[in-house]
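TrEMBL annotations:
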- 25-48: transmembrane segment (TRANSMEM)
- 54-74: transmembrane segment (TRANSMEM)
- 86-110: transmembrane segment (TRANSMEM)
- 130-149: transmembrane segment (TRANSMEM)
- 156-174: transmembrane segment (TRANSMEM)
Amino acid sequence: MVVGSFYAWIGIMPLLYTDRASQKVIGMIGAITGVLGTVVGIPYSWLADRMKRYMSIMLIVTIILSFVAALYLVIMTMGWIDTSPFCFTIGGLWASVLILGTLIFAVQPIAMEIAAETAFPVSEGTSNYILMWFTMVVNVIFFSSLNLVSDQKVSLYMLLGFIGAALPLLYFTIPHSTPRLELDENNAST
């Protein structure tokens, strides 16, 4: 849900901020977000792989942080709080989108690893295929909802809503111990 809604939102981000920044600046924010997210996501997933017992906690904490970044982005864009750190600036847009995007890019490999461990003995390819299929379904829901509502700023609320809805779902559905993890630990101890 988190990744699918972010991918859909980042695709329409230039439409949201054309009155506040140029297409070139908005495009640069999106491009650097992708590169930075990939660069940070690789060591983050490596660290998560080493801390197998705490991988679900890392995933939930990362999504909580991305929710905070998305909330800041919504507050800043909508102008709800008229105080210095919450007023819209291009620097604030850069910072919030880069932090949000980097966190969500870092979530992907951890989510795929947890899906593979949870679905064991089903192959990793099958579990990751289903996860990516669900990401695309969220994309379709996101874009279909925008066709029903003419205000593009609703996409910010939807992004925040999808991230917020993912938190309780993950908390209550991620198992803390998986058969694959127990098998790996038993093989390591022998």
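Cβ coordinates come from backbone N, Cα and C, glycine included.
By the Cβ criterion (distance under 8 Å, sequence gap of 6 or more), the transmembrane segment (156-174) is counted as touching the transmembrane segment (54-74), at least 3 such pairs being found. Of the candidate ranges 25-48, 54-74, 130-149, 25-48 contributes the most Cβ pairs within a distance under 8 Å of the transmembrane segment (86-110).
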